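Peer 1: Let me give you the structure first, and then I'll get to my questions.
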Amino acid sequence: MTAGTHEGTAKPGAETISVTFHDDKDGSEKTVQVPIGESLLEAAHANEIELEGACEGSLACSTCHVVVEDPGMYDKLPEPDDDENDMLDLAFGLTDTSRLGCQILASKELDGLRVRIPGATRNFAVDGYKPKPH
Amino acid sequence: MFLRSALAWHACFHRSFVRSQAPVGCLPHTVSFATAADAPLHFCVVGSGPAGFYATDRLLKRFGDAVRVTLLDRLPTPFGLVRSGVAPDHPDTKNVINHFGQWAQDPRVEFVGNVTVGRDVQLTDLRRFYNAVILSYGAESNRQLNVPGRELKGTLSAREFVWWYNGHPEYRHLPIDLSATHAVAICGLGNVAIDCARILLRCPDELAKTDIAEHALAQLRQSAVKEVHLIGRRGPVQAAFTPKELRELLTLPGLQVHIDPQMLQLSPVDELEVKSTRMKRRVLEIITKAASASPKGTTDRHLHLHFLRTPAGILGDEEGGVSGLRLEQNELQVGQTGLGQRAVGTGRFEELKADLVLESIGYRSVPLDGVPFDQDAGIVPNELGRVLGGSSGSQPYERGLYVSGWVKRGPTGIIGTNLVDAGITVECIVEDAMASALPTVPANDCGAQALVAAIQDHGKQVVSFADWQKIDAAEVERGKAVGKPREKFTDVDEMLAVCKEQ
């Protein structure tokens, strides 16, 4: 399954769902309306959310890796196929609820979906550093 | 693709952070500087592969209007290993150059190709013209086997072979004759080794539809290669290749795959290793399936996977050519720390016939004059991307000098790894800029303008991104004539001539 092309903007009247992107890099969060059938990669680009898609949705990279925050929501997604798993294996910060943004297509039951864009945060960059108690 | 143990890198990555300094507050998306409007910061990125381009992108995003980036390449062509490393039959992996091309055309960015640092311009000049220099020149050499017989005709590195079939200008004349080559031994079990095996074993008609270099395609059409051996020191559980590349190779139409079923019997420690990552689990499934596949292939092309074998010597014939490879059988021993198992020789040897040996045991960066270099690790010593070894004595870093990509962390990971890696380097630059710890430059003699003027003073032709677009268009045009997405120029003078055309 490969993401097709789409204009990437919610047309007036088109059915949409609400998706929240949390960016680990700077802790920013953005909730956007995603038309049914559109991929999260397309939605991110249409809404100026920093989600790299180096191979343009052709399942040849893992740069649009996102982590589905709610395991219940993750279970609602169709299983990743071999091609997606191949790329996920190489993703930065892989978790049990990781998916590629280009392979998650907006559908009604995903309304309210929250995903995290893993990155090297300042917190991660000082992993192991424990602030002294006051 | 170049994915040598992404996970191993992951671990190093993690460790290097622990040494980091105390946390800083969350920085705003784009940093603003008081002097931004009239005096932007000038950055020079050396090397225009993925590490260089992702560093450029991060600089643009973090510094906004307050930045100018010069992106250098020693070749007239940008994109580094996306052009000369990624296999021709993996076109989707190369889609990333569409992004790179957009960034290169940003008004804040200047691509300057055909410039070698250390020859056409010195690093000291760059440091005079720029507030910071980011070295992202990758790994242009490779690790070598330490065995007798390396000097025999017919021993090459996999890197050279890859650059040959991908049309890198410096390797177009690689001494290779596939019409007289029957068996190839590839030492290494990473994805570069897999790429080499696949190119040698795949039907040339399929490669004819890719951007493979014409000289390589012509040889592959005449190829006499029937046997390819992939050789690894350790077992299938420890191999560095990844599922996609492995499956693609083992399922080539008609290929006869040979794997000793004994090698698939796992020790309890192996079992633990397999459980530790899902990638290893999936790799093992693919190997097991290939080992038990029946019926076997239908062509006369054979692939042999050899595990627990270390090359002990390259064997020669009377004419000084390669005739085979001597291997020592290994056992795995648990190391002193945790799970890691290492290969230990048993003193039992065997030989296999081969007339071409490809070393595929890792790329290696080359030192640059004036920059500290860690010979053991093969990288520029650094902390999160700040080059260590400041000459002033008062601080541990080289002021205004940074690294990104393979020259920073070693030759591992995939294209996307550089996205995260470059992000960390650029955060260091942001911190240093905010702490006024970047060198200053003369306002009227800095950046791309000063650099290009200095280079052209010596009569050197530089290549702009618009020039590259001429090369690109000409290559695509040449490709149309032969049913390929592009036919690369493999000669620098030819490229430079195209740039001069109106």
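Counting starts with 1 at the first residue shown.
Any Cβ shown, glycine's included, is placed from N, Cα and C.
Keep in mind that TrEMBL annotations are predicted by a computer and have not been checked by a curator.
Take a look at what TrEMBL says about it:
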type: BINDING; residues: B:ALA51, B:LEU81, B:VAL117, B:TRP406, B:GLY413, B:ILE414, B:ILE415; note: FAD binding site
type: BINDING; residues: B:ARG233, B:ARG234, B:GLU245, B:GLY413; note: NADP(+) binding site
Peer 1: Could you tell me which of the binding-site residues B:LEU81, B:ARG233, B:ARG234, B:ILE414, B:ILE415 sit with their CB under 8 A from some CB of chain A, listed in sequence order (or 'none')?
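Peer 2: From B:LEU81, B:ARG233, B:ARG234, B:ILE414, B:ILE415, the ones near chain A are B:ILE414, B:ILE415.
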Peer 1: Closest of the binding-site residues to B:ALA51 (FAD binding site), Cα to Cα, picking from B:ARG233, B:ARG234, B:GLU245?
Peer 2: B:GLU245
Peer 1: So, in DSSP terms, is B:VAL117 (FAD binding site) helix, strand, or coil?
Peer 2: strand
Peer 1: How many Å lie between the Cα of B:LEU81 (FAD binding site) and the Cα of B:GLU245 (NADP(+) binding site)?
Peer 2: 17
Peer 1: Which is it, of B:LEU81, B:ILE414, B:ILE415: the one of these binding-site residues whose Cβ has the most other Cβ atoms within 10 Å?
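Peer 2: In terms of Cβ crowding, the pick is B:ILE415.
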Peer 1: Fewest other Cβ atoms within 10 Å: which of the binding-site residues B:ARG233, B:ARG234 wins that one? Let me know.
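Peer 2: Candidates: the binding-site residues B:ARG233, B:ARG234. Fewest Cβ atoms within 10 Å: B:ARG234.
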Peer 1: Which whole-number value in Å describes the distance between the Cα atoms of B:GLY413 (FAD binding site) and B:GLU245 (NADP(+) binding site)?
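Peer 2: Computed Cα spacing between B:GLY413 (FAD binding site) and B:GLU245 (NADP(+) binding site) is 14 Å.
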Peer 1: A 10 Å Cβ contact count, applied to the binding-site residues B:ALA51, B:VAL117: which residue has the minimum?
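Peer 2: Least crowded of the binding-site residues B:ALA51, B:VAL117, by Cβ count within 10 Å, is B:VAL117.
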Peer 1: Taking Cα atoms as reference points, rank the binding-site residues B:VAL117, B:ILE414, B:ILE415 by distance from B:GLU245 (NADP(+) binding site) and give the first.
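Peer 2: Closest by Cα distance to B:GLU245 (NADP(+) binding site) among the binding-site residues B:VAL117, B:ILE414, B:ILE415: B:ILE414.
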Peer 1: Give me the non-local Cβ neighbours of B:TRP406 (FAD binding site): same chain, 6+ apart in sequence, Cβ-Cβ under 8 Å, ordered along the sequence.
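Peer 2: Within the chain, B:TRP406 (FAD binding site) has Cβ neighbours under 8 Å at B:ALA51, B:GLY138, B:ALA139, B:TYR363, B:SER365, B:ILE379, B:THR412.
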Peer 1: Name the one residue among B:VAL117, B:ILE414, B:ILE415 whose Cα is closest in three-dimensional space to that of B:ARG233 (NADP(+) binding site); these are the binding-site residues.
Peer 2: B:ILE414
Peer 1: Listed NADP(+)-binding residues B:ARG233, B:ARG234, B:GLU245, B:GLY413 - what's their greatest C-alpha to C-alpha distance in Å?
Peer 2: 21
Peer 1: Quick check for the class: what is the C-alpha distance, in angstrom and rounded, between B:ILE415 (FAD binding site) and B:ARG234 (NADP(+) binding site)?
Peer 2: 26
Peer 1: Around the C-beta of B:GLY413 (FAD binding site), how many further C-beta atoms are within 10 angstroms, looking at every protein chain?
Peer 2: 27
Peer 1: About how far apart, in whole Å, are the alpha carbons (Cα) of B:VAL117 (FAD binding site) and B:ARG234 (NADP(+) binding site)?
Peer 2: 39
Peer 1: Whole-number answer please: how many Å between the C-alpha atoms of B:ARG234 (NADP(+) binding site) and B:ILE414 (FAD binding site)?
Peer 2: 23
